[in-house]
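Below is one structure, written out as structure tokens; comments come after it.
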Amino acid sequence: MNRQSWLLNLSLLKTHPAFRAVFLARFISIVSLGLLGVAVPVQIQMMTHSTWQVGLSVTLTGGAMFIGLMVGGVLADRYERKKVILLARGTCGIGFIGLCVNALLPEPSLLAIYLLGLWDGFFASLGVTALLAATPALVGRENLMQAGAITMLTVRLGSVISPMLGGILLASGGVAWNYGLAAAGTFITLLPLLTLPRLPVPPQPRENPFIALLAAFRFLLASPLIGGIALLGGLVTMASAVRVLYPALAMSWQMSAAQIGLLYAAIPLGAAIGALTSGQLAHSVRPGLIMLVSTVGSFLAVGLFAIMPVWIAGVICLALFGWLSAISSLLQYTLLQTQTPENMLGRMNGLWTAQNVTGDAIGAALLGGLGAMMTPVASASVSGFGLVIIGLLLLLVLGELRRFRQTPPVSDAG
């Protein structure tokens, strides 16, 4: 990575064919999952006319994802990771085919949608954990920051493209097209993934999966560094749940429908800018301190967001949150991968990803509870400033993370 540039260096895609294959597979997978994410709630709403039923499907899928992350972490530390990745992707694609066939029936089954949602949520997250655990072996630990930033850009770009494409498909061909193309895209991802080298795991004693998972929890709690990283990650994800208040806040700002879209686009845009300008982040000597400060700054941006007098200022605050949270997340990812023992990478990546899933759900629930007691403006500002106080306390308490120093890596990627 070029020390003189703040911009992200994409040369890793040229110099590491295995990472290029993962990049391509991940992008196709994100677009495929995005098509699914648009189709499922629309189909359930059309069948039941019940927002509760739509919410139930999201909750069930989220629960299956959480279990899949836990199981995937254990499997990724026990079995050859390439096989786990391929098995998970292929099995997930079978579930998409099931959704497509169900949608083509004269009377689609609601129960089938719920069950296949559980199936796909479980196997999709199982493969994600194995892929995360394999990344250090594919790019080298010295290139993890660069790989993480490129991955973040991939996720953001795919997250923008897939809903638009999904909406067009719904308008022109119905939900069956979304499911069919999601299945096709998932099986296409197997082609680049088949080119990956073997990804064996370090030798370790066979033990009960629950005991193996418990060992990961013990490691997390016993390590002030890794534990602090996981805690910060969960809090940042909780803060991002402020999006549930966008519709109510848009009414107070008297925003048009087109302008409301800018609220939803602001955080991804800020995160993309954060990833693009992360060129020198890998060379920071005190990544823990930068992580803590950027996290507190992101909370402050959320607190200020709702009390802005005009919506444009609110959008700027959200973009600032996206930028600062991207910096924090990139440092979390890199330190987690570099400071976790190889034989525990699968389980720790599973736990780290799971706290992202649960943090978002907890944040949304807390904001919903606050919204029942106070105005949307007060709810957003109280949650943001409350997180600022917690963040400042953690800045003092997490001494090992704050003082952590590293030798800047010398990348061979460019």
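Using the three backbone atoms N, Cα and C, a Cβ is placed for every residue, glycine included.
Under the heading topological domain 'Cytoplasmic', Swiss-Prot lists 1-21, 77-83, 131-156, 200-218, 278-287, 337-356, 400-414, citing sequence analysis as support. Marked as transmembrane segment by Swiss-Prot: 22-42, 56-76, 84-104, 110-130, 157-177, 179-199, 219-239, 257-277, 288-307, 314-336, 357-377, 379-399. Here Swiss-Prot flags 43-55, 105-109, 240-256, 308-313 as topological domain 'Periplasmic', drawing on sequence analysis.
Mean pLDDT for the topological domain 'Cytoplasmic' (131-156) in this predicted model: 88. A contact links the transmembrane segment (219-239) to the transmembrane segment (357-377), because at least 3 Cβ pairs that are 6 or more residues apart lie under 8 A. Listed by sequence, the residues of this chain that lie at least six past the ends of the transmembrane segment (110-130) yet keep a Cβ under 8 A from its Cβ atoms are 33, 36, 40, 43-44, 47-48, 53, 56-57, 60-69, 71-73, 75-76, 81, 84-85, 87-89, 91-92, 95-96, 98-99, 102, 346, 349-350, 353.
Only sequence-distant pairs (6 or more apart) were considered; of these, fewer than three Cβ pairs between the transmembrane segment (357-377) and the transmembrane segment (22-42) are under 8 A, so the stretches are not in contact. Sequence-distant contacts of the transmembrane segment (84-104), counting only residues of its own chain at least 6 positions beyond either end whose CB sits under 8 Å from a CB of the stretch, comprise 25, 29, 32, 36, 39-40, 43, 72, 75-76, 112-113, 116, 119-120, 123-124, 126-127, 130-131, 134, 174-176, 179-180, 182-183, 186-187, 189-190, 193-194, 196. Long-range contacts of the topological domain 'Periplasmic' (43-55) within the same chain, counting only residues at least 6 positions beyond its ends with a Cβ under 8 Å from a Cβ of the stretch, are 103, 108, 110, 113, 175. Remote same-chain residues near the transmembrane segment (157-177) are listed as 26-27, 30-35, 37-39, 42-43, 100, 103-104, 265, 268, 272 (criterion: CB distance under 8 Å, separation of at least six residues from the stretch ends).
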